[in-house]
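What TrEMBL says about this one:
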BINDING   G8, P9, G10, L11, V12, G13  NADP(+) binding site
DOMAIN    8-136  domain 'Aspartate/homoserine dehydrogenase NAD-binding'
BINDING   T95, K119  NADPH binding site
DOMAIN    155-355  domain 'Homoserine dehydrogenase catalytic'
BINDING   E211  L-homoserine binding site
ACT_SITE  K226  active site, proton donor
Amino acid sequence: MLNIAIVGPGLVGGALIEQLAAHAQSPRFARLPISVVGLINSRKMALSNTAFTAADLTQWQSTLLGDSAQPADLSRFADTLAGIECGATAIVDCTSSDAIAALYPSWLTRGLHVVTPNKKAFSGNMSLFREIEKLSSSPIGPSVYHEATVGAGLPVLSTLNDLVRTGDRIVKIEGIFSGTLSYLFNNFSAPGATQRFSACVAVAKENGYTEPDPRDDLNGMDVARKVTILGRVAGLDIGTDTLPVENIVPEPLRDVSTAEEFMARLPEYDEHFSQLNKEALQAGSVLRYVGFVDGVKGQSSVKLARYPLDHPFASLKGSDNIIAFTTERFPNPLIIQGAGAGAAVTAFGIFSDLIKIAERFGSGLADPKC
């Protein structure tokens with residue numbers, strides 16, 4: 001049996017709860033019993049000695065974290081989870097908090113597994129990354145899975161781990177890692193496209209593809225964090241503080257006070273982006289915003305680059321991600337492509353990691369205490 005508790009059940013956490021509730025009512029549950037026993041947000045928490053029912057999970061916001069829920073206390077929450085004797089227990093961190101990520105070592109030390117889409121622990125301070133790596137390295141001890149930190153539900157990190165563990169040599173990893181920037185440049189930079197760059201950003205924002213402030217996408221830092229994670233998993237000493245990152249927000253707009261002002265002034269720079277696009281198209285290429293992990297020379301980067309029209313990156317549609325692994329065994333790149341953002345697919349990535357833990361550590365079902 002695998003008990004799970006979710007920290008920060010918002011959009012992604014809610015989608016995960018929905019998938020777990022469906023699992024609890026399916027024939028698969030008998031073979032892989034995965035039960036939700038705890039939920040906590042910034043204000044309230046709910047804990048149970050037994051699994052929450054499917055009915056509770058269906059209305060978790062009102063029934064479990066409603067007015068009658070306990071005040072949030074993350075320390076007591078973790079204490080209670082660490083005391084569960086039946087089966088293995090995992091905490092799912094669905095926040096994007098540095099402070100929560102810093103707690104992973106304490107959770108691991110107490111025997112709790114960690115699954116998360118939160119990139120902060122794996123792309124931030126190298127000492128925290130190394131400590132988490134060390135504490136989760138035992139084949140019989142607590143584990144950490146973070147597939148959803150890169151590519152949401154796409155099997156990006158699991159593929160990279162398999163390549164590394166089997167002794168393949170990583171030459172380079174190249175990809176379009178941002179669904180937002182994928183959508184923008186797939187629509188802006190393509191033969192026959194006529195929409196101005198600012199209009200593309202406006203449509204993307206209106207459709208919910210961007211952060212509330214699109215500069216948080218256009219500055220490249222989200223891609224930089226994903227490149228850092230991939231580089232570290234590949235064995236490179238890499239960090240966002242040393243990684244060259246091309247910020248495509250026009251410099252005069254980087255410090256304007258609001259997203260509204262940024263959007264209002266962005267059309268002033270349409271000619272700049274149109275010229276870049278024109279030059280690319282004249283060369284038989286398109287513009288794509290990419291992350292690059294260099295496994296040979298260590299010259300990893302994040303930048304706006306040109307790709308010829310017959311390149312796989314040039315034919316990408318919608319907001320898909322695409323990642324190409326070039327290795328000693330795969331000189332013709334191994335390519336993974338698909339939806340790299342969205343609550344349902346991110347929750348799928350988390351759920352897949354939970355299944356891995358349940359299969360490795362969930363033998364407590366046969367324990368008399370269960």
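Cβ from N, Cα, C; glycine included.
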Inter-residue C-alpha distance, G8 (NADP(+) binding site) and T95 (NADPH binding site) (nearest angstrom): 5
Close recorded positions near P9 (NADP(+) binding site), where close means Cα within 10 Å, chosen from T95, K119, E211, K226: T95
Candidate with the highest Cβ count within 10 Å, taken from the binding-site residues P9, G10, T95, K119: P9
Candidate nearest L11 (NADP(+) binding site) in space, where candidates are the recorded positions T95, K119, E211, K226 and distance is Cα-Cα: T95
T95, E211, K226 filtered to the recorded positions whose C-alpha is within 10 Å of V12 (NADP(+) binding site): T95
Which binding-site residues sit within 10 Å of the residue listed as 'active site, proton donor' - Cα, from G10, G13, T95, K119: K119
Listed in sequence order, residues with CB under 8 A of G13 (NADP(+) binding site) and six or more positions away: I6, V92, C94, A347
Position of peak Cβ density within 10 Å, selected from the binding-site residues L11, V12: V12
Rounded to the nearest Å - Cα separation of the residue listed as 'L-homoserine binding site' and T95 (NADPH binding site): 15
Cβ neighbour count (within 10 Å, all chains shown) around the residue listed as 'L-homoserine binding site': 14
Cβ neighbour count (within 10 Å, all chains shown) around K226 (active site, proton donor): 28
Three-state composition of the domain 'Aspartate/homoserine dehydrogenase NAD-binding' (8-136), taking helix and strand from DSSP: 60 helix, 22 strand, 47 coil
Cβ neighbour count (within 10 Å, all chains shown) around G8 (NADP(+) binding site): 20
Residues close to NADP(+) site centre defined by G8, P9, G10, L11, V12, G13, Cβ within 8 Å: I6, G14, A15, L16, C94, T95, A343
Cα distance (Å, whole number) from G10 (NADP(+) binding site) to T95 (NADPH binding site): 8
